[in-house]
Amino acid sequence: MVLDITGVEKQGIILFSESELSKEFLELIWIIVSILTTIVGVTLGVLVIVWLERKISAGIQQRIGPEYAGPLGIIQALADGIKLLLKEDVIPARGDIWLFNVGPAIVVIPVFLSYLVIPFGKHIILADLGIGVFFWIAVSSIAPLGLLMAGYGSNNKYSFLGGLRAAAQSISYEIPLALCVLSISLLSNSLSTVDIVDAQSKYGLLGWNLWRQPIGFLIFFISSLAECERLPFDPPEAEEELVAGYQTEYSGIKFGLFYVGSYLNLLVSSLFVTVLYLGGWDLSIPFLPTSNQLTWILTNGTFDIINAIIGIIITLTKAYLFLFVSIMTRWTLPRVRIDQLLDLGWKFLLPVALGNLLLTASFQILLLD
């Protein structure tokens, strides 16, 4: 007797293919939702930073600051953003239109890409790459090209000089920054941002790389401020010398991209300081149960949500503490000259960062022996 199972096989193949297609479709939807959620969250974070900076600077200068747009003026930054969107987009008549238009996008897009490898919790990360920290350094090195394009495409001497200064400054401080990241990677035996946080959480509060790499932390802090072009490291935008630097000819939404990009970069730097030196989402306070310890108490889906929320809150709290220090630095220290800035990067920070890397490597070799 011969059984005809051709129809059954076809039906099984069709059901299997449909299930695979639905699974791929759901994964695609999940990726899109995750990316959009990150973009919205980061944009809201920038609005909070702008409001905090205005309030803190007002307090330092004994002013009130924004107070009419919403409670305590909290939506003043949103109102300013809408105003920039509605402004006319002026293009220089004799400038290079293509370079002028593409420059702001090349500056902003790498900053958004940096958020892919930032962990806000144990499993809250868009892309857990094995070379996460190097990915951040690689994409951030693209931004100087956009600054040069913006300065050259404006057909303005002040813009061009500002673009040259910005590119030189970014290249100068990218190297000490990368050397500090290498030192952290040697201590953690990994280039993954998640593994770096896990390596710190093994030893609690005393395991933070802030205590194991104090010199590297100071170099990373100074270099990140210079990368973000924050005072006292903002010669590319020195008003007394270059009007507004490479932003001089920009208006409307393109100027808004530069404005948002600078704060996005500042938030990225603060988050990486948190991940690399301050233990990331790990709290590690004595006698206070952390998320890892609570896992033994609660094991249902509700705990996963609570754990994720706690991790996000801890990470953002540490990042905003670093932002507070950056804002205080901006409003209390004078601007340095461009020659002093480059000398600091090449003649002081680079040799010290190299020495710190050699000491870290020697220490790791001794441990292996």
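From the backbone N, Cα and C atoms, a Cβ is placed for every residue, glycine too.
Listed in Swiss-Prot for this protein:
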TRANSMEM  29-49  transmembrane segment
TRANSMEM  97-117  transmembrane segment
TRANSMEM  129-149  transmembrane segment
TRANSMEM  167-187  transmembrane segment
TRANSMEM  205-225  transmembrane segment
TRANSMEM  255-275  transmembrane segment
TRANSMEM  305-325  transmembrane segment
TRANSMEM  348-368  transmembrane segment
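Tallying C-beta pairs under 8 angstroms between the transmembrane segment (255-275) and each of 29-49, 129-149, 305-325, 348-368 places 305-325 first. Among residues of the same chain six or more beyond the transmembrane segment (305-325), those with a C-beta under 8 A of the stretch's C-beta atoms are 45, 49, 52, 56, 119-124, 266-267, 269-271, 273-275, 278-283, 291, 294-295, 298. The stretch from 29-49, 167-187, 205-225 that makes the most Cβ contacts under 8 Å with the transmembrane segment (129-149) is 167-187. Counting Cβ pairs closer than 8 Å to the transmembrane segment (348-368), the top stretch among 29-49, 167-187, 205-225 is 167-187.
With respect to Cβ pairs under 8 Å, the transmembrane segment (97-117) is most closely packed against 29-49, considering the stretches 29-49, 167-187, 205-225.
Long-range contacts of the transmembrane segment (29-49) within the same chain: residues 77-78, 81, 112, 115, 126, 260, 263-264, 266-267, 316, 323, each at least 6 residues beyond the stretch ends and with a Cβ under 8 Å from a Cβ of the stretch. Note on the transmembrane segment (167-187): residues 133-134, 137, 140-141, 143-145, 147-148, 196, 199, 209, 212-213, 216-217, 219-220, 222-224, 226-227, 229, 233, 235-236, 276-277, 338, 341-342, 345-346, 349-350, 352-354, 356-357, 360-361, 364 of its chain, located 6 or more positions outside it, place their CB under 8 angstroms from a CB of the stretch.
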